[in-house]
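Below is one structure, written out as structure tokens; comments come after it.
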Amino acid sequence: MSTAAPEPFAATVYERLLQSIPTADDGRRAWQVADPYLLRHAAQHAVHAGRAGELLQDPAFLIHAEPDTVNAILRKATTQNERLTTAVYRTSYALLRKLAPHERQQILALNAARYHARELAAELARNAGWSPLWATGSQVSAANTAILTGHTDAVNAVATAQMDGSPIAITGSDDHTVRVWDLTTGRTTATLTGHTDAVNAVAITEMDGSPIAITGSDDHTVRVWDLTTGQPIGEPLTGHTDWVRAVAAAEIDGSPIAITSSDDHTVRVWDLTTGRTTATLTGHTGWVNAVAITEMDGSPIAITGSDDHTVRVWDLTTGQPIGEPLTGHVGWVNAVATAQENGHPVAVTTSNDHTVRVWDLTTGRTTATLTGHTDWVNAVATTRMDDEPIAVTTSNDHTVVLWGLTTGQPIGEPLTGHTDTVNAVATAQVNGHPVAITASDDHTVRTWDLTSGRTTAVLTGHTDWVRAVATAQMDDQPIAITGSDDESVLVWDLATGRTAGVLTGHAGGVFTVATAQMDDRPIAITAGHDRSVRMWDLGTCDLIGELHTGLTDWVRAVATAQVDDRPIAITGSDDHTVRVWDLTTGQPISEPLIGHTRGVRAVATAQVDDRPIAITGSDDHTVRVWDLTTGQPISEPLIGHTGAVLTVATAQVDDRPIAITGSDDHTVRVWDLTTGRTTATLTGHTGAVLTVATAQVDDRPIAITGSDDHTVRVWDLAAASCLTAVHLPNSPSCATIGPDSTAVLGMGYEVIALTLAPIFRREP
């Protein structure tokens, strides 16, 4: 019996299955009440009927269907809208598999906003109780065609090959395993176990006509695996006396060999038939991180890169170095690949010095230095597109960059999506498309369509983690101000999501932002890694003052208030102090407020009995309350949290001043500032509470909290109850509430705005 129904019959079956799904009042299919069989198998029936595209355009199906079945039809996308939907879904596929439908709805709606697909975002957020307004989307890319999940720790290495006519990848991880992936389906086909420590290096070749993998590990061994059976071949290869960092494989004179490099400063050549070392190449004076094999003048050569900042070329026939070491990098050499450019063999190397170098192996000279990465460059692979040589590099800056080796220029924008250091890259052909496969500390392996990656996207926003956000009014228009590890402060039009200004001058990450009015103009106060507190005119984006007297460590928090009709700023620092500044003079108005015994992470202000006060939270697990008029503490520290107090905000409940604090202990505490007692402990977060903000909505005090658990929770402070939880693709680092119940969040490198108004239109 045929496994595939004839097309007409399949179409009939599919149509009848669809007819079994109830419809809502608006005529849409109510997938939320569809038979579980359809949630698992409707996609397969749609493919047989030639109608997969319809399901890709049905938001309710995307929300309620089993993610594995949706993922299986994403490659069937043909129209531009279908491909957009595919990108939106694929971006968080690994996360979607773990979530309930209402949680998937939230992630998908936010992802649509990140791709600037406003109509799709609105459809996906229908009846969610909130809606995304805009997102910068600087960490998503339509070129990302799959996310391969399964490793449970950082993924360090990747290699590709063809096996039985299908493209495969193998990866090595800190979880001690090697995984084999079918790149057509994105599924793991085998997990190879045996290493007793992190697997740093993988390569693929053939032996006796069968595909084999060679892996190197922190356990000092090299292992050889039969990829057909998934079993090891022989005993581990021993000889290295330290971590094995890299491996390359080839055939020389008809015999399969592997070349490995190690922290023991050596390079070893192995006969894979016998498992014996045939040569040990010495000369490097540091860890040897990289090795590649090619031919020059008809002879096999190896190229190695080391922590000693050099690249060396070796004659594999004699085991001797060819010429002097290649010098030019001013940091560790992390990776090497080879290519042909204009008929000449070249090597491409990457380094901790943030550069990529191209070397003519015939002359030993650098022919190009490729710059653009903003952190260590960890890996490189080469391929050809349109018959031109290209390199693909990865970095600690979380990006993947394509380079034209002929031009020495980047091709398109960096590919973004990984949420941590990208350690490795390989290239392959999948379904006729050139792809890159990357491996990251974020535990994932991603595939990228290099053709899509060549298109130029307009990227706006920060290029590193967003650490702080505040809102203000300028010319009666709401704005947001964000600070980032990229050392910049950006001003945003809150209505449109467009950048309205850039404040530059900090010499390190910006960890905190507050706003105030001074001389009837809105100003921003920013601080961070460089130990300075800066004041900016938000109308002109000009620096108008700098506070730095006495600061001896990073400034983690800033808040503003009025004391005796003077605008002041209060800062908290890793130097354990709280400082109070007169914004008019730029000078401190008192001695530092001493009491915390560890770094001060959070500051907020309030009025208690007509006295201006500051509330501070610290790594010492305490909350302290200070009289800003006298500079003295009010009462004993507030005790209750069992972890660092990371964030604090204030509000009024029943005309009583309260503080709301978030902690490493996963809880949110509400404190009565008059009595110093905890009035409520808000639970629900399952990770550290990183940020809290408050607002009055229709005379109703509310708070939003953001956590490492990838959620933002909205709380009714009067009732001490959670109104809703919004699931995010990544953890929110900061949050605030602006006009019209607009929440502004920092998430990774991105800024997101969403309206919470529908929540508050519901009955309390």
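Just so it is clear, glycine is given a Cβ too, placed from its N, Cα and C backbone atoms.
Under the heading repeat 'WD', TrEMBL lists 148-191 (among others). Within its own chain, the repeat 'WD' (148-191) has Cβ neighbours under 8 Å at 71-72, 93-94, 97, 197-204, 211, 213, 215, 217, 225, 227-228, 230, 420-421, 423-431, 435, 437-447, counting only residues six or more beyond its boundaries.
When the repeat 'WD' (192-235) is classified with DSSP, helix, strand and coil residues number 0 helix, 25 strand, 19 coil. The repeat 'WD' annotation in TrEMBL covers 192-235 (among others).
Same-chain residues lying 6 or more positions outside the repeat 'WD' (237-280) and placing a CB less than 8 Å from one of its CB atoms are 200-207, 212, 214-218, 220-224, 286-293, 300, 302, 304, 306, 314, 316, 319. What TrEMBL records for 237-280 (among others) is repeat 'WD'.
Positions annotated as repeat 'WD' by TrEMBL: 281-324 (among others). Confidence annotation: the repeat 'WD' (281-324) carries a mean pLDDT of 96 in the model.
What TrEMBL records for 326-369 (among others) is repeat 'WD'. Here the repeat 'WD' (326-369) has, by DSSP, the following mix of helix, strand and coil residues: 0 helix, 29 strand, 15 coil.
Beyond its flanks by at least six residues, the repeat 'WD' (370-413) meets 139, 331, 334-342, 346, 348-352, 354-358, 419-427, 434, 436, 438, 440, 448, 450-451, 453-457, 459, 463-464, 749 of its own chain at Cβ-Cβ distances under 8 Å. Residues or ranges marked as repeat 'WD' by TrEMBL: 370-413 (among others).
Residues 75, 91, 94, 138-149, 151-160, 167, 169, 171, 173, 181, 183-184, 186, 378-383, 385, 390, 392-396, 398-402, 730, 748-749 of the same chain lie 6 or more positions beyond the ends of the repeat 'WD' (415-458) yet place their CB under 8 Å from a CB of it. Taken from TrEMBL, the feature repeat 'WD' covers 415-458 (among others).
According to TrEMBL, the feature repeat 'WD' maps to 459-502 (among others). Summarised by DSSP class, the composition of the repeat 'WD' (459-502) is 0 helix, 27 strand, 17 coil.
Residues 516, 518, 523, 525, 527, 531, 533, 535, 545-547, 549-561, 563, 597-603, 605, 614, 616, 618, 624, 626, 628, 631 of the same chain lie 6 or more positions beyond the ends of the repeat 'WD' (570-591) yet place their CB under 8 Å from a CB of it. Summarising the annotation, TrEMBL assigns repeat 'WD' to 570-591 (among others).
Feature annotation from TrEMBL assigns repeat 'WD' to 593-636 (among others). Taking Cβ pairs closer than 8 Å, the repeat 'WD' (593-636) reaches residues 553-554, 556-564, 568, 570-580, 642-650, 657, 659, 661, 663, 671, 673-674, 676 in its own chain, all 6 or more past its ends.
Taken from TrEMBL, the feature repeat 'WD' covers 638-681 (among others).
Taken from TrEMBL, the feature repeat 'WD' applies to 682-725 (among others).
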Long-range neighbours of the repeat 'WD' (192-235), counting only residues six or more past its ends (CB under 8 A) = 153-154, 156-161, 163, 168, 170-174, 176-180, 241-251, 256, 258, 260, 262, 270, 272-273, 275
Which residue counts does DSSP give the repeat 'WD' (370-413) for helix, strand and coil?
-> 0 helix, 26 strand, 18 coil
